[in-house]
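**Q** Sharing a structure here in C-alpha cells format.
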Amino acid sequence: MKRELLLEKIDELKEIMPWYVLEYYQSKLSVPYSFTTLYEYLKEYRRFLEWLLDSGVANCHHIAEIELSVLENLTKKDMEAFILYLRERPLLNANTRQNGVSQTTINRTLSALSSLFKYLTEEVENADGEPYFYRNVMKKVSTKKKKETLASRAENIKQKLFLGNETIEFLEYIDCEYQNKLSKRALAFFNKNKERDLAIIALLLASGVRLSEAVNLDLKDINLNVMVIDVTRKGGKRDSVNVASFAKPYLANYLDIRKNRYKAENQDIALFLSEYRGVPNRIDASSVEKMVAKYSQDFKVRVTPHKLRHTLATRLYDATKSQVLVSHQLGHASTQVTDLYTHIVNDEQKNALDKL
C-alpha cells in the first residue's frame, strides 16, 4: 500500500477510536512501530471494540465512547466469547465456504490486544504516575500455536528457498530471460524498474533483512565500499548489516540510474523509489511483495520476501555451521529461532549423501 494511502486509512481509523487508543498510537510512533504495523493494530482494535458494542459488553453507541472501565472490567469469559466469535463468524467477501478466521489471524488479534492492554496497565502514566488500571485480562488468555515440528516446517519451507546456485540463477533469470515473454507494454514497464527490482531482490537475498527494513532504507544507509547497510530493526534498534558481495553490481547499477530515472531531488532520501505522475516516493512493502511474487513464480515457485530472508539464513548456516552468526545477521537476540535452518541444511546434507 502506498504510504499516502496508508496514512489516509490510519487517519480514518483514528477518527473513530477512543482517546486511550489514540494515546497508545502516539506512544508507539515514538518506539517506533512502523505505520503498517500500527494500521494493522488499529484494524484489530476496531474489530474488538465493535464486538464489545454488538455483544452488549459496552453500553454505548460508538466505539469512541467506550470507557476505560469497560476494558478494566473485562472477564476471561468475555475474552473467550470474543475468540469464539472470531472462530465462528462467517467470512465476508472471501472465496471460501469456511466460517471463522484462521488460528494465525486469531493469534495476531490477541497479540495486538495484548500490546494495548500492556500499555494501559503497565506503560502509561496518569497524573499520579500510575497506569490507567492494573487488571490485565489478556494475561489470562492463552494463544493456540500451530502444531508443527521443526522438521516438518523445514520440509515445507525448503521447497520455496533458492538454495545453492539458484540464488544467482534467480537474479540472472530476471536480468536476462524474464523479458523474453513480455508484451511491448509490459516490457516498457519492466525496463523502467529493472535495475531497482534487481537491486531490491539482490539485497534481500544477500543480507536477509526484513521487508520493512529494506523499504525503510535511506540513501545514506548504504555503503557499497564495505557492503554494509544500516537498518532499523524491530523495536527501533539501529543495526549494521553486512551484505554479500554478489549484490554489489545490482545495487551499483540501480544507484547509477536512481536520480534520473525516478526524478529524485535532494529531499528524496529513500533508497528505493517508485514514481507516480512524475513524483518520486519511497517504494512500499506491498509493491515489493507483488514484485517478488511475480518474478519468483515465473522462475520456479511463488515466494514472499520473507522466504528470501530464509534463503540467506539457510545458505549462511550451510557455509558457517554457526547459529550465532546467523542470528546476528538476521537481528535475532537468541539462536533459538535459527534452529529451523539446521534442519533444512541437515536434510540437504542427507539428500546429498544418499546420492553418493
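Every residue gets a Cβ built from N, Cα and C, even glycine.
Grabbed the feature section from Swiss-Prot, which reads as follows:
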- Arg210: active site (ACT_SITE)
- Lys234: active site (ACT_SITE)
- His306: active site (ACT_SITE)
- Arg309: active site (ACT_SITE)
- His332: active site (ACT_SITE)
- Tyr341: active site, O-(3'-phospho-DNA)-tyrosine intermediate (ACT_SITE)
- 16-121: domain 'Core-binding (CB)' (DOMAIN)
- 169-354: domain 'Tyr recombinase' (DOMAIN)
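Can you tell me where each of these features sits in the structure?
**A** With a cut-off of 8 Å between CB atoms and residues at least 6 apart in sequence, the same chain places Lys234, Pro305, His306, Arg309, Gly331 near Arg210 (active site), listed in sequence order.
DSSP classifies Lys234 (active site) as helix under the three-state reduction.
Annotation note: His306 (active site) sits in a helical segment as assigned by DSSP.
Sequence-distant neighbours of His332 (active site) (same chain, six or more apart, CB under 8 Å from its CB) are Thr338, listed in sequence order.
Residues near Tyr341 (active site, O-(3'-phospho-DNA)-tyrosine intermediate) in space but far in sequence (CB under 8 A, at least 6 apart, same chain), listed by position: His310, Ala313, Thr314, Tyr317, Gln323, Val326.
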**Q** Looking only at the domain 'Core-binding (CB)' (16-121), how are its residues distributed among DSSP helix, strand and coil?
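**A** The counts are 71 helix, 2 strand, 33 coil.
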**Q** Mean pLDDT across the domain 'Core-binding (CB)' (16-121), rounded to an integer, is what?
**A** 88
**Q** For Arg210 (active site), which DSSP three-state class applies?
**A** coil
**Q** Report the member of Lys234, His306, Arg309 (the active-site residues) whose C-beta atom has the most other C-beta atoms within 10 angstroms.
**A** Arg309
